[in-house]
């Protein structure tokens, strides 16, 4: 069996579990041989060891059980960065890259000097911002496991970021005056929502936010005086736009942005 044969076999098996079986098959096989996709493609006509075949097919079986590929390979990709990821830490989504782009534009336009990422997870958002700006960067999370992985990723990409444990802005009580920009991809899924089984493998506290998915926003903006003069950029579900307008429009200048699929996905609130 050649690497090409093995790739095609994995791809065909993954058609039962993935919307992009070809891409996942390449990533999985690259992971097994610990080489880049480019190097894998270069050896497609070479014969593959039986040990590699066995390991690759075993991991394919695990993928069929609904385990996200990122948890199997222990890596994910965001804004051109390779990040470490493990079960128990939220997997960053491609859509959220637009949040980073909006944040970087705001940083440049307003000459922002300091930014905090609330609920940082793997650190994807704040690391992408740190790599592309000169801001002093902070990040918080209620998961010590997430902070461990985020710190690991920051070190991997030579980013100086202050990671702090705790909810919302609590860990930043003594630093709040200096924070100019707040970014977050918070939990916003309704508790009764039906999700794909792969998504249900991720930490529920990073996904669910009450019956209407609005718990995070309601709690975060319950003390607007603490946020006076700050710019806040957050992700949300398109179905929540009207509720967010009702909740936030009186607090400052509210602007909405779309993701790559032309869906309302982010808001920017410039607090009064």
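Any Cβ shown, glycine's included, is placed from N, Cα and C.
So that you can see what the record holds, here are the features copied from TrEMBL:
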- 9-73: domain 'Release factor glutamine methyltransferase N-terminal' (DOMAIN)
- 101-207: domain 'Methyltransferase small' (DOMAIN)
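Residue counts for the domain 'Methyltransferase small' (101-207) under DSSP (helix as H, G, I; strand as E, B; rest coil) come to 43 helix, 21 strand, 43 coil. Mean pLDDT, taken over the domain 'Methyltransferase small' (101-207), works out to 97 on the 0 to 100 scale.
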